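Taking it in order: structure first as structure tokens, then the write-up.
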Amino acid sequence: MAETLTPRQIVERLDQFIIGQKEAKKAVAIALRNRYRRSLLDEKLRDEVMPKNILMIGPTGVGKTEIARRLAKLVGAPFIKVEATKFTEVGYVGRDVESMVRDLVETSVRLVKERKMSEVKDRAEQQANKRLVELLVPGKQKQTIKNPLELLFGGQASQPDNGHSHDDEQVEKKRRQVAWQLANGQLEDEMVTIEIEEQPPMLFDFLQGAGIEQMGVNMQDALGSLMPKRRKKRRLKVSEARKVLINEEAQKLIDMDEVTQEAIRLAEQSGIIFIDEIDKIARGKEVSGSADVSREGVQRDILPIVEGSTVMTKYGPVKTDHILFIAAGAFHMAKPSDLIPELQGRFPIRVELAKLSVDDFVSILVEPNNALIKQYQALLATEGINLEFSDDAIRKIAEVAFEVNQTTDNIGARRLHTILEKLLEDLLFEAPDIGLNRVVITPQYVEQKLGNIVKNKDLSEFIL
């Protein structure tokens, strides 16, 4: 189970995707393990143990967000990333800080719902296949009266059959044959007409911006249930229709009240909220006046959420006491001490992330499971091209990335995306027509494609 991973094992898992930043990985690994330790305590003490929130300090592109995202994915915890600059003080137009908790609960509901639907997938598939058989071999239509008032005007209700007719036996025989063909994948490309529930039109979205969202009420859900449900017909291949029907049947098999309760519990006990750009709402020396007051107001609004409070959502009240908050910022223009003292105290663990070196860039290019070079190799393999990079070429690319970051804005590892795209631009364009099955990238090729751009500072700023 991911919840029982030791801090060392968590760091090893994170190492598969993120290069360096040992201190930051260590801090989040301890925070995650402490959650597991807390779950083993008796209930009275468990409520007293609060998570130690983390403040990550470091330039953009060094792995702050990725560490938090991978951590959440590792344990299947609900995770959201928000930007502190998007929030406004209560009473002003814009998003209030409580919306981050509502977003977390939405993510949690989606996670739990997907998990529950995967648990009933086999049963849902059986029901979907039954419906497909009935659609492919429809039975004899019986006369039924949907409106009881028809009886007053001479209509007759359908009588139940006392036995099977010859036609019914033929239909059953045909259905058994079709069921066997479906099970053996012989009818995947056959066309079938299915009825699916149509989503009600989004009529009430305009109300959400008028403060309704802050009340924890979803007008679409509240008023949508009063509107009649419409069904529309779609003609699909059996393989596609099965997916639609499995989804419909799975929805019927899960209890949404149970999903909601579990989702709220998961968000409260395991949720992770990543607040980016928190340095932008700190009191910098160069900022004064109303903007400074507004920033401090947002900090004071964030404070009760981080301290622990109850937020109303459309799924019910959610306590934030045990949600793990990870804040991050570059802190170029401000210092962590420029945050209001109360908020500083709520982020007791501070980790400084190092700037990336040339060696870090080399490692980022080749070591992670999702390394950029591996991605480009996989993309070009679809065109029948075996793309290779010499070790010297990889180091040259890393040196170019480091140099451009030094001479222009430092955007960390994101610089590699721009550089590799520029380096391989011609190859990606010509790949379908080039007629080669092997291409080797050398230092000379890197110099040829990027050398002049790197030397010209103006070009670097615009192109790389």
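Cβ coordinates come from backbone N, Cα and C, glycine included.
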Need one residue: from Arg123, Arg131, Arg414, Arg438, the one Swiss-Prot lists with Ile19, Gly61, Val62, Gly63, Lys64, Thr65, Glu66, Asp276, Glu342 for ATP. Arg414
Most Cβ neighbours inside 10 Å, all chains, among the binding-site residues Glu66, Glu342: Glu66
Compare all C-alpha positions of Ile19, Gly61, Val62, Gly63, Lys64, Thr65, Glu66, Asp276, Glu342, Arg414, the record's ATP binders, and send over the largest distance in angstrom. 34
Of Ile19, Val62 (the binding-site residues), the residue whose Cβ has the fewest other Cβ atoms within 10 Å: Ile19
